[in-house]
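Notes follow once the structure below has been shown.
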Amino acid sequence: MARVTLVLRYAARSDRGLVRANNEDSVYAGARLLALADGMGGHAAGEVASQLVIAALAHLDDDEPGGDLLAKLDAAVRAGNSAIAAQVEMEPDLEGMGTTLTAILFAGNRLGLVHIGDSRGYLLRDGELTQITKDDTFVQTLVDEGRITPEEAHSHPQRSLIMRALTGHEVEPTLTMREARAGDRYLLCSDGLSDPVSDETILEALQIPEVAESAHRLIELALRGGGPDNVTVVVADVVDYDYGQTQPILAGAVSGDDDQLTLPNTAAGRASAISQRKEIVKRVPPQADTFSRPRWSGRRLAFVVALVTVLMTAGLLIGRAIIRSNYYVADYAGSVSIMRGIQGSLLGMSLHQPYLMGCLSPRNELSQISYGQSGGPLDCHLMKLEDLRPPERAQVRAGLPAGTLDDAIGQLRELAANSLLPPCPAPRATSPPGRPAPPTTSETTEPNVTSSPASPSPTTSAPAPTGTTPAIPTSASPAAPASPPTPWPVTSSPTMAALPPPPPQPGIDCRAAA
């Protein structure tokens, strides 16, 4: 019986979405390697982190990986994490950037899987869809503890709070080995797909036979769901052909291209189209026959101008109402704040403004104060970005998912309850200047024989001579002081005090007390 050769047939797609200004996802799909990274950190930092990690894994896509697949994946992930740390050291402004990672290294009938963060891996086998990764998120811990159901987690306001990611700091990814079978279909996706699209709908799209059409359909579904985030997918089939694909596919931030699908006819799609549209002015040469131009009557022209004015005014009022009813948690001037509006700007004007700021009492109780109050005297400590742990700090810097004011207040309370660094200890008391602390010793000393009354010296017991010459004591001389008496051997055990540990650093392993 001939040996069956298993190969991959794959497709990858990435889209910026309808809300984000740039694409921070990066994806690589090749004959041996499928890898997807969802960057975070705001501005260009997320793009940098995801590109560095994908670049560190790309060399695994060789002709025959063989050997220990998990060891190779682990080494490549650590190299990518070290690259992030080195980049932050060169550019301190990138501190807080990070990325998720879900990757598969394929070798015949087996594959290695590495995962960290909230990007996901799915397996479609025999018509059944199974999630093969576990989200490293705060909401997933609530599900594990039985506090909420998986259905409630799907719409939980804190679903984007990541507990583990590649940020340049030491972290252990999840590594597993799996068996590959002919007919299996694997899906890697960012949370831009799994958040707005249900598993049932994902299953329907994955049942499309062609991998490219299936990937295209998944992106389309995410955009129709509002496209709140970058969305990236890899769809790969395990097939028993003699030859599979060999040309790798790059998409997202790592490709340098802005892959955008035709925007859906939804409110979010139309809003995104308005922000992206660029006017192209074409020069039209003058026509020779100017008399053939239709002439509009003054009444019709006035009607058109009035109609356009009404529509523009209505659009502005509706847009203003939508913006003013939207709230999200983000960094503002170094403080964790609730912002009103949406991220970004239009024609040079900011579309958001600070609304409330978190304030911590000495007993660590959270209250919200208006932005106008933050400039005056306070009986609480403003909740600073540096008070948060690094993963949550990166999330807030990028901006948490928007919603109602109650949603944003809930996010703020969740951060105060679960994401703060421990308070810095009070400074140690020091000795006053000029009074050094005495050394700590333990001694056993025998007295000198000259000081013992039980053994008087013969010279001191003789009577003093009489005469004009004054007696000179044998124990002292005015010209030269007597040397100190020689003691018996002394046993000394000095106790060396241990050096105190280095003090915690605010913003790194502790926060300033309220």
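For all residues, glycine too, the Cβ spot is worked out from N, Cα and C.
Bear in mind that the values here come from a model prediction, so they are computed numbers and not experimental data.
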From T174, T459, T466, T491, the one Swiss-Prot labels phosphothreonine: T174
D118, D191 bind Mn(2+) 3 per Swiss-Prot; candidate in S82, S160, S214 listed for that same site: S160
T141, T176, T262, T474 - residue that Swiss-Prot labels as phosphothreonine: T141
From T133, T137, T468, the one Swiss-Prot labels phosphothreonine: T137
Per Swiss-Prot, D38, D191 bind Mn(2+) 2; matching candidate in D68, D74, D229, D237: D229
Candidate annotated in Swiss-Prot as phosphothreonine, out of T290, T430, T450, T460: T290
Pairwise CA distance, G39 (Mn(2+) 1 binding site) versus D229 (Mn(2+) 2 binding site), rounded so that it is a whole Å: 11
Mn(2+) 2 site, defined by D38, D191, D229: further same-chain residues with Cβ within 8 Å of the Cβ centre: D25, T100, D118, S119, S160, S190, G192, L193, S194, D195, N230, V231, T232
Alpha-carbon distance [T174 (phosphothreonine); D229 (Mn(2+) 2 binding site)] in Å: 25
Modified residues compared (T137, T141) - the one with the fewest other Cβ atoms within 10 Å: T141
Tertiary neighbours of D191 (Mn(2+) 2 binding site) (same chain, Cβ under 8 Å, six or more apart): D38, D118, S119, R120, R159, S160, D229
Position of peak Cβ density within 10 Å, selected from the binding-site residues D38, D229: D38
